[in-house]
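What TrEMBL records for this protein:
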TRANSMEM  6-27  transmembrane segment
DOMAIN    6-419  domain 'Ammonium transporter AmtB-like'
TRANSMEM  39-59  transmembrane segment
TRANSMEM  91-113  transmembrane segment
TRANSMEM  120-142  transmembrane segment
TRANSMEM  162-183  transmembrane segment
TRANSMEM  204-223  transmembrane segment
TRANSMEM  243-263  transmembrane segment
TRANSMEM  270-287  transmembrane segment
TRANSMEM  293-316  transmembrane segment
TRANSMEM  328-351  transmembrane segment
TRANSMEM  371-392  transmembrane segment
Amino acid sequence: MDGYYAFMLVATAMVLVMTVPALALFYGGMTRSKSVLNMMMMSFVAFGMASIVMVLWGWSEGWGGDGAGNGNGKLLANPFSMWGLDGVSSANYIFVVFQLTFAAITVALISGAIADRVKLVAWVVFIPIWLTACYFPIAHNVWGGGWLAGQLAKGSTFAQDYAGGTVVHINAGVAGLVLVLVIGKRVGFGKEPMRPHNLTLTMIGAGLLWFGWYGFNVGSIVFTPESLDDPDRFSKQFFSETGVTFLNTTIATAAAMLAWLLVERLLHGKATSLGAASGIVAGLVAITPACGAVALTGAIVVGAVAGGLCALAVGLKYRLGYDDSLDVVGVHLVGGLVGTLLIGFVSSADAPGGIDGLLYGGGLASLGDQFLAALFTIVWTGVLTAVIAYAIKLTIGWRVTDEAEVEGIDGDQHGESAYDIAAGTGVLA
């Protein structure tokens, strides 16, 4: 068990790296040069706010017990029952911090949809409200022993979400779409080019995300009570499950990157570095719920389908007219749905956390459970995010002025410039 706790410490640190600096770099490089600091700040602030919320009431609301999965079987948990981690043993603090990093990256992902145009104060207000209303209730229902998990476990199958297809990616993608529709487009969207200013940062960020994702997926192993009571069974489950999730994460990500590049090549004649970086993330997103539920062939299918579909989905914003700045909807919502639903087809009982899906003779029950879990997340988060978004819009307001947006949100919100080399300090006069 000592080795397992050491493993969880490393996995938790790896997931922390996914938000700061990996996501900050990935998103920062995709924005225009006048917005890069603001974009990176949104990730850093998200981590800070999520950390405080988690230890005060987030754990209580999401899990409501001294350990993962000790929920109450109800739709909601009392956020005050374990306020400030009261009643949580110090031995379980590692699980609190591990889940803290998940909450942080989920809300940070949303920021990419609304890049270049949002006041920092509005973002700061949004984070704790959204985590409380949307993230922790979904986490409670899927992972924390809540109502949804109990309902879907009554049949012969159950909804499978190994590391966050619903809780993290569909959740963030739906929230991003709602915010985009409420806040509106950037000045000049569809009329002037808004190209990434530094794809080197984006590629570095994608590589760090891939690295950190091993902590995200492999660290999400949940041990059976029998394993926890039997050291030999514990070791067997640990080694078999971590190996499968590690390999599946790798292979699905590689397949998604190659599929995205193939689609780009066929449609536009070029395979781009942005496509490679985006394909990596799409594959990681899609395999997140499925990494412990599919065999090797299933992982390749999940990655390839996600890479191809997400490459097509990111172009929908131009056809449909919504300004999803950094493709949160096209990658995280679509990728999360692909991974979640494909479990119903390619999940295998040969995988340590899987049951047979439709293609392995398992029938439609598993696919139905996956669909219901995804639908529950979409409806819950979609409705409540809309309420939060309109409340902020009608009170403190979301947007900087058009003039500030055109001149650069970095200067307006932070008084800094990322590339003010001549001044030597980076501080605007």
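Just so you know, glycine gets a Cβ as well, placed from its N, Cα and C.
The recorded stretches the transmembrane segment (293-316) and the transmembrane segment (6-27) do not share 3+ CB pairs below 8 A when only pairs 6 or more apart in sequence are counted, and are therefore not in contact. Here the transmembrane segment (120-142) has long-range neighbours at 38, 41-42, 45-46, 49-50, 52-53, 57-58, 61-64, 71, 75-77, 79, 99, 102-103, 106-107, 110-111, 148-149, 159, 161, 166-167, 171, 175, 373, 376-377, 380-381, 384-385, 387-389, 392, 396-398, 413-414, meaning same-chain residues at least 6 beyond its ends whose C-beta is under 8 angstroms from one of its own.
Tallying C-beta pairs under 8 angstroms between the transmembrane segment (6-27) and each of 91-113, 204-223, 371-392 places 204-223 first. Across the domain 'Ammonium transporter AmtB-like' (6-419), the prediction's mean pLDDT works out to 95. 39-59 is the stretch from 39-59, 204-223, 270-287 with the greatest number of Cβ pairs below 8 Å to the transmembrane segment (91-113). Just going by CB pairs under 8 A, the stretch in 39-59, 204-223, 243-263, 328-351 that sits most against the transmembrane segment (162-183) is 328-351. The largest share of C-beta pairs under 8 angstroms with the transmembrane segment (371-392) comes from 328-351, of the ranges 39-59, 204-223, 243-263, 270-287, 328-351.
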